[in-house]
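**Student:** Below are the structure tokens for one structure; questions will follow.
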Amino acid sequence: MRRCFGMAMKYIDIGANLTDPMFQGCYGGSQKHEPDLDKVLQRAWQQGLQKIIVTAGCLKDVDEALELASKDERIYTTVGTHPTRCEEFAPDPVGYYDQLRSRIKSNRSKVLAVGECGLDYDRLQFCGQETQRLYFERQLDLAAEFKLPLFLHMRNAAEDFMTILERNRDKIEQCGGGVVHSFTGTLEEAQRILAFSGLYIGLNGCSLKLEENAEVVRKLPNDRIMLETDCPWCGIRPSHAGHKYVTTKFPTVKKKEKWTAESLIDGRCEPCQISQVLEAIAGIKEEPKEELSEIYYQNTLDLFFSKAE
């Protein structure tokens with residue numbers, strides 16, 4: 001088994017929730033250990049991460065992500081509102097939209113995408129379907145205006161999600177496409193997404209959980225795949241179908257209270273674990289991870305960085 005840390009390949013994590021309180025040592029509102037984001041990032045760079053795109057899901061996330069990105073040239077962010085947070089639009093829809101717009105306008109070198117936006121019908125207790133649909137579509141206007149790609153979320157809502165994309169095909173073209181991240185859908189759903197020129201599929205540990213997921217991943221075209229961790233969520237667990245292909249192991253501690261600066265916490269995913277995502281995909285596809293790494297890295301440059309650099 002190869003153990004970290006050793007940089008052999010280049011990675012870009014397109015979806016890292018680095019503003020999550022877990023990286024400040026806070027779990028469920030309780031402080032368990034000192035903030036360790038600096039150590040998390042150190043491990044990421046050592047493992048071959050070249051760039052990280054922080055996922056923002058509300059205005060608070062955006063401001064924290066921009067602050068983080070201002071301190072490191074390798075860190076970027078999205079600007080948008082997650083479907084479960086779309087009630088934040090309700091008190092002042094125009095004002096809230098304008099605040100998102102102003103964050104993009106003032107930070108063009110650091111904002112690479114509009115999102116995380118989309119539909120999530122698994123968590124309707126946070127935001128109803130109608131509100132989600134309304135402000136998902138509104139954020140497509142934002143992407144088209146600034147010609148920024150989309151960072152998209154689709155959970156248990158494929159029909160409505162695709163209907164909205166179809167209705168706004170012109171805006172998808174104007175913004176240059178995007179990526180449906182953390183994909184766990186069917187092959188048919190993937191094919192409908194990939195029928196749009198410029199749309200990619202983002203894969204992480206949740207995308208490799210079940211054998212059915214692995215079968216879908218096996219059939220996805222490599223030139224439309226990107227890698228992500230969705231940390232601190234979506235790590236590859238021992239029960240996951242993709243786990244048997246993972247060769248890179250990291251030192252972990254089982255309990256948050258036993259935290260050390262050198263160890264990962266079991267159950268809290270980190271950007272450095274993107275190497276495990278690549279290994280699992282390579283194993284499922286029976287293709288060399290070195291070749292896949294280059295393809296996925298270039299895919300990400302093409303979508304997010306061709307204009308930025």
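Here the Cβ of each residue, glycine as well, is placed from N, Cα and C on the backbone.
Automated prediction, rather than curation, is the source of TrEMBL annotations.
Because the structure is a prediction, the values reported are computed rather than measured.
Annotated divalent metal cation 1 binding site per TrEMBL: Glu116, Asp230, in sequence order. Residues or ranges marked as divalent metal cation 2 binding site by TrEMBL: His153, His181.
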**Student:** So of Glu116, Asp230, which of the binding-site residues has the fewest other Cβ atoms within 10 Å around its own Cβ?
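**Tutor:** Selected from the binding-site residues Glu116, Asp230 on minimum Cβ neighbours within 10 Å: Asp230.
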**Student:** Mind telling me which of the binding-site residues His153, His181 has the densest Cβ neighbourhood, counting other Cβ atoms within 10 Å?
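**Tutor:** Its Cβ has the most other Cβ atoms within 10 Å: His181.
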**Student:** I need the CA-to-CA distance for Glu116 (divalent metal cation 1 binding site) versus His181 (divalent metal cation 2 binding site), whole Å please.
**Tutor:** 9
**Student:** If I take the alpha carbons of His153 (divalent metal cation 2 binding site) and Asp230 (divalent metal cation 1 binding site), what is the distance between them in whole Å?
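**Tutor:** That separation, Cα to Cα, works out to 12 Å.
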**Student:** List the Cα distance (Å, whole number) between Asp230 (divalent metal cation 1 binding site) and His181 (divalent metal cation 2 binding site).
**Tutor:** 9
